[in-house]
Structures are given as structure tokens and as C-alpha cells.
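Enquirer: Below is a structure I'd like to ask you about.
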């Protein structure tokens, strides 16, 4: 096989595990493929050749090129040097073989250089001519004529014809060289211009700004912006679907009303579509990302994500105007009332005031955990540091460490961008305070980055340096490691209690001692595992210690059925699955250990003191004035000075000014401003801001419901759903309204209920320009505009159905994921959303039996009669009370409901809209038709008798007009009987005459299907006006007066 085929066979052998060989491959060929594949490796679908480097133990991976066109292009690129020069064969081979490889690469390089005309000319000029014959050929002379010039031509001719020389091939007369250059004018030429794209965009943008060739007008906040449909549809799928649905592709100009869009967030996207440059204020980044997600502009979303990742990876904090500083408070936080912040030592030797939300506190700038020398001596001045080039660099990449030195205890606080690790001794935990910064700090107790460490490797991140330096520094502290273990053991004993198991307590002590619990919850554990391999896990080391002490470790109980690896890492109580056994052990401590820490202000309980402390901070934020005053009095009573207070660090968002307790919280908070949703579902692609929301969403895709109720048959996907369901059985609910005290089984019900107590805005600020609806929020208006524009942006990925509203799309998508739909026990209808099922049960009319099963009957308090429909109940109550608001204008009979009046009017007009499909007999109402079909056509009785929409509208209009005309003719006949010889003059407008003619036309020509509502209302209003005795003087002068004979009108009917 050829080299390309052999390479493809090797690539197939390395990638295709099911069929590594092509069909029909012989056994000897398979052996060769296996042997050759040992020198190759596949990276990202590309085949690489591993070549051993000389005098080294490493291998160089060279990409194998399979395409002949690409091989020639690579040889050409390696052969051509800078400035148009040509490399030699050795140089070309050297440059090319550094990265690429294929069989016969050297031969192809030689062949290419032989075909290169410029290299051949250079070779011909530089080659020395050593042979005489070559010289004669170059000069155009013959060999014989040069040596024997005295011989005549005859002798030459005889010499050439002699038999001795006849056997030798006669040399042709040398001819001077002629180079023939053939220019092929056929073929396809492909060249690309890198400036063409920008030039076209620039021209389109200029046309947009000068309103040239614009075919769409965008209305945003009352202002018009011209644009091109092709540019908008190329950048946004939203506009493309909009123009296709509305038929605006073929029309000359279209006007798009973008109500609900904000001009500040839309104009940057419009500029990006024409300039490919996205420029916006960082404060409005969230609005831009939300709008780009609505318009399906994926490139803008990628830019927003890259900006956020840059801020995450390089530890950037973006501020509009200002610099980042690492500050630490040296005053006790218990004194926090009033005043402005004291001056801060700046780099220029001046003092600046830093406004904070903590009140009066002295701010000291720390660089790598050391105080400036000028401040130690009592002066304020500059503090140069060789490690920090600028303030921004120190805030972005350096690690601020604050350390205290006391004769009794040591405390180290480590602050990084990704996490905040706090290592405290037992005395500090009991007192819940952190010692103040001592003015004289020794260099041994401070973790700082020295020039030697920085010189070892600049690519090491700050997290890795801090994580590796923690155990080294712990050994350098004056207090030995064994004493620290004893102190931690004493605190662990007080935390766990005497009844806890020894194994768990020891495991907990060790994890807290080494900071594993903090790393586990901060996401650092995986990084530490990747960086350095631990020979023994924490469980193995604890087991070894227990065996050495003569104690036997208790083996966890395992079921005989669960022998798989997955079952060994599954919690038996809650069903959670863990990848590591250590995580399962730590998780089981939550179930088996009692919640000893109770909040004195509320009823919540916690397992750890740190959780209780974090919970109490939330209470102190609500009662800040009272707590500060009580803390100040207790501080004076105890005699402690403000210098020995606890150092509190708060992180302030530069955009909204919100204060956050941790740097991690600030990072999560910044997601709201950037609009980036980093957590995406791999199944449906939905994105979330928080990882917890992604986990809850992923549980919806799971078909298995592992949490089952013990009291009933129901099962649930999440544990929270099971707990909410258990509140129905127990009657106890933790979701209580703080305003009215109403309890709810679910948190969603409480959140919906709480909106009733919140004051709604008096004015709906977002109005629809197409209809009269208005909305409180812009997103509701945007979704509402989808119906007017005909856009259906929400598409189902399973069946490609599209919807305008997100709730309709979500209800449809659940039909694919939900295995067991909600089914009505009466009519059998299936619903994939519980809200729709409840609405159906509440409002659907299943007949009397169905309503009785659902306990929705209404009983009359006076006679005890039961009703299944609300309108029947209301009509019955009107009969008891004597209220009959619906009166017939012909005979004056009043009815309790409009349905009875409509049926009665048909007796005057003679209209019978309900026709039997078998015998074609017509009836006034559906009930009479049902009686007829039950008596004579029992096999053809339908479930429900309804008129079609057009037919029903026609009959309703005909009933109104006929009723009005009958009233008119009856009044005319009465006046005729009173005065038969007189003609009555009736004031009729021209429009009314047209309506009456239309009525007559419908009676003469039954093919006419419907009437206009305006004509009907004109006739009805005219008749009512005649009944009420409207005077002629009140009629406007514009009304045309026509004399009409009553006999003529009656004759027309």
C-alpha cells in the first residue's frame, strides 16, 4: 500500500477500538500495522510521529501530513526565506523536519528544488566547467574542427564516413541555449484579501450612518435607527426569523418596533454588527449579555465570557477609575459607629481618607504582610518593594498575608484571590477574635515572596505557592507541631462530645489540622491532588495510627447486594453518590453527628461552630446599631483596648457598592454585573449563574427518582422535593410568611405569596405600541412583542417545534423528559406540567358526576339544590332573589340569564340554528335537538352539540337585526292601527338605510354569510332610540332626513 494508505491504517488502528483494521486486511499486514503504530500517537484526531532526540531521553512529536497539496505548500513555505530568498536543500529539510514528517519527505524536497527555476539558474552559474567537450558545446564548436583545423571538408566527410568511426555516435552540432517559458492562461486562481472584510464593514457602516440603501427602521425608546436587513439577519438569528416570519425579506422597507429593548444595551450590539468592535461600559455588561442572549448573538456572548474568564484567571478586579489596594483594619470591629475613616498612608507620603461602611477604623496598607519601615518608626513615607512593580500588579497577582506575633499564641491569616484560608489556634477560636497587628513583626513569622522564590519559576501561581508554604511555615513557628496537635485535639474533644466515635473524631481532628475541610469546600482539593501525589490517603494514615496504638478500626457496614464500586461510595440514608470514599465518610458525619450548635436568636441548628458563626453574622447585620453599642459597653467592662480587636475584611463591589464578607462571594457577585452564566447543562444547553442551580436542573433530566416517600407511593428526584412532600403528611412546614403567618409546603409558594405583600408600582412603565397592554418589567414586554412580530425564538430540540412564550416551550419540553404525565381520572387527558393539570381539574366540566368526584358542587342555601356550573348557580340564585335583568324588547318578558333571553328572542325571529344531521330538522336550542336525536336517532347522538364559530356569529347577528326590525315593524303597525290614513315621518340616517338594505339583501340572497358589526349596532341603536322617544331636535344637522313609508318597510319584510 502507499504511504497515505499506511498512515490512514495506523490512524484507524489507534482511534477505532471496535474495528481497528479495514475489512479484508491480511494477517501479515495487520502485524506490520501493529508494529508501526508503536512509533505513532494521536492528538486531537491528528497523527504524530514520535522521533527520539539525540543525546536526550525525550521524544519529539512530528505531525504526519497526509494531503499532497499541503505537503507541497509546506515545502514551499520552508524553502522560501525572508526577503524572497531561497534556502538550500539542507536548510529546507532542517526547517521542515522540525515540525512535520511523512515517508519520502527528503526525496520530495529534492524534487521540489530540482523543479525550482531560480535555484537551477543559480546552480548553473556557480558550477565550474572542467570538461573540454562541455566548453566546446557551450561555445558552439566541434571537437574535430578544433584539433585539426588544417584538414579540408572532404577529409572531414571521409573521416566521418569511415568504418572505424561509424560505430561511434555522431555528436550533433551544438546549438545555443533557448529557454521556452510556457504561460498557462487556463485554470482557477484563488487569492484572498485580508483587508476586504473590514473594508466592506466600513462601507456598510458609512451607508448606515448616511442613510443609504437602508431597508429597515428600528424604533427604540421613541427614536429611529436605520439599518440593513442583511447585516442584522447575518448577526442575529432573532432578526433573521423575524424577517422571514413577517415576510419582510421581499418587501422594500420594514419597520421593527423594539419595545422593551434598552437603547444603552442595544446600540453597542448594533455597532458591533457593523464594525466588529464591541464597546460598552462595564457596569452595563449584564444588560448587554442578556440582550445578546435574547437576540441569539453568539459572538457577543463569547466576548462577554472571555472578559469574565480573563478577570477570573488573571485575578482582575475591574474598576472604572481607581486602583486596587489591600487594606486591613487595626481597630476593634466592635467600635463601628459614625465619623469618617482616618487617613491612610499613601505611596507618595501623603495621607488620604478611605470611606468605608465600617465607621471609624485605622487603615494600614500592607505589602506582602509587612508594615512599611516608615510606619514602624512612626513616620509616613514611601515603601519600595522589589517584588511588586505597581499597585495594580500587587493587587492582582500577589498574596497578602497578615501575621501576628504574641508570646502565647501564633495566628496566620492567608488571603488569596481564589480562596480565603484561615488557620487559627484553639485559643483564638474560643475567644472568636483575631489578635491585632504588632508594630514589630519578625521576618520569620511572616509569609512573604522573596526574590529567590520568584526566581525559581514565574509560572507558578499564587495558590500553589501559598499551599506549599503552609506546612513549611507551620514547622518554623516557635510552638512545635505536637503542641498544635494537642491544642486542636482539645478543641475537637469539646466540639464532638464524649459520645462520638474515636475513629471519626480522630479523622475530623486531622482534617481540621491540615486544612482539608477548608480545601474541600473551597475547591482546592483536586488541585492539590494533581500537583503532588500523596502516597497514602487520610483514611489509610488514620488507620495506621489506630493499628499502632492497638485499636481496631471499625469497618463500615456493607450490604451483600452492593458489591460494585459505585455502591461503596453511595450514602445509604440520603442516596447521594460520591466519586471518592473520603468524601462519603465526611458526608456520613453529617447524618450521624448531632447538631450541637444552636442559634440563640432563632431555632436553627448547626453541626459546626463555623457554620453557627457565619449564621450569627447575618443576625448582626440586621441589628448593627444595637450590637455595636452592646459590644462597646462589654469592651469597656472587660478592660480590653481597641488595639486588640478582631481584624475584619470586607470586599466592596466597585459597581453597585455592595459589601461582601469574602473574596469568593465578590467573584460570584460579579457574575450578576457581567451577565455571564458559566455553568451550562450538557443535555439541553441551558446556562446558570450558580452551580447549585445547574445541579437542580440536571436532576430534572434524570429519569430515576431515588428519593421515595415512606408513607405513600410517590418518589422524587431531589431530597428537597421529598422534604416538601413530607410536610403534607406531617402538617409541619418551614415556609412561613413573616407578614401574615401563613404556611406553605413549598418555597415557590411562599415566594409567590410574598409578592402580594410587596407594594406594586402604580404605573406600568412598559407599554405595548401594538395593543393596549402594559407590563411592569421589560422582559415581559419583549416576550409579548414576539406574538405581534410573529417570532418564535424558543425551539424544542427534540421535535423542532417553536414557541413565542417561554412557559409554553418549557411545558412542551417537559413532555419529552417526564416519563409519567399527570392524567385526569375522569376524562383521561394527560398533562406534563402540574400547574396545567391542576387548572384542568379545577375548571374543566366533566358533567355532574365528574364535578361530584372533584367536590366542586355549589349548593343553594335556600332550597338545597346542587349545581356543577357557576352560571347555573347564579341563574338559580337570581330566581330566588327575583332579579331578572335580561328583558325582551318585543314582549317585555324578563329572564334571569342572557342565555334564556337569546333562546326566547329566537321565538320572535323564527330562527332555528340547530339542525339535525340525519333528518335536517331545525330547532331553537341544543337541548331540544338532543331530545329529538335521543328519541329518533339514538345511534347518532353526539357528546356535545356546538355551532361552528362562523355560523354562530352569523346567527347571533341575524338574531339581533331581526329582533330590532321586528320591534320597528310592530311599533309601526300599532301607529297604523291608530291612524291608518297618515304616513309617519321617520328620521333615518344614510348609514341606517344601508344597514336595512343589507338586512333585506341577506333575506333575498341566503348565500351572504355575515354582516358587519357596525351595521348591526346602527340598526339596534336606532330602534332603541325610537323606543326611548328621541326627539328630532336633538338630531345633528349632518343627519340626512328621509321620508319612509312604514308600509314599504313592512312590505320589504
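Every residue gets a Cβ built from N, Cα and C, even glycine.
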Enquirer: Look up zinc finger in Swiss-Prot and report which of 490-512, 513-535, 858-880 it refers to.
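Expert: Of 490-512, 513-535, 858-880, Swiss-Prot gives zinc finger for 858-880.
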Enquirer: Looking at Swiss-Prot, which of 35, 263, 801, 1043 is flagged as SUMO2 cross-link?
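Expert: Comparing 35, 263, 801, 1043 with the record, Swiss-Prot tags 1043 as SUMO2 cross-link.
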Enquirer: Scan 459-481, 597-619, 942-964 against Swiss-Prot and say which stretch is down as zinc finger.
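Expert: Checking Swiss-Prot against the ranges 459-481, 597-619, 942-964, the zinc finger one is 597-619.
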Enquirer: In this predicted model, what is the average pLDDT of the zinc finger (822-846)?
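Expert: Mean pLDDT, the zinc finger (822-846): 76.
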Enquirer: Which of 597-619, 707-729, 858-880 shares the most C-beta pairs under 8 angstroms with the zinc finger (886-908)?
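Expert: So the stretch in question is 858-880.
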Enquirer: Using a Cβ cut-off of under 8 Å, list the residues of the same chain at least 6 residues beyond the zinc finger (794-816) that approach it.
Expert: 684, 783, 786-787, 832-833, 836
Enquirer: How about long-range neighbours of the zinc finger (735-757): same chain, 6 or more residues beyond its ends, C-beta under 8 Å?
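Expert: Beyond its ends, the zinc finger (735-757) has Cβ neighbours at 724-725, 727-728.
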Enquirer: How do the residues of the domain 'BTB' (214-282) split into helix, strand and coil according to DSSP?
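Expert: Residue counts in helix, strand and coil order: 30 helix, 14 strand, 25 coil.
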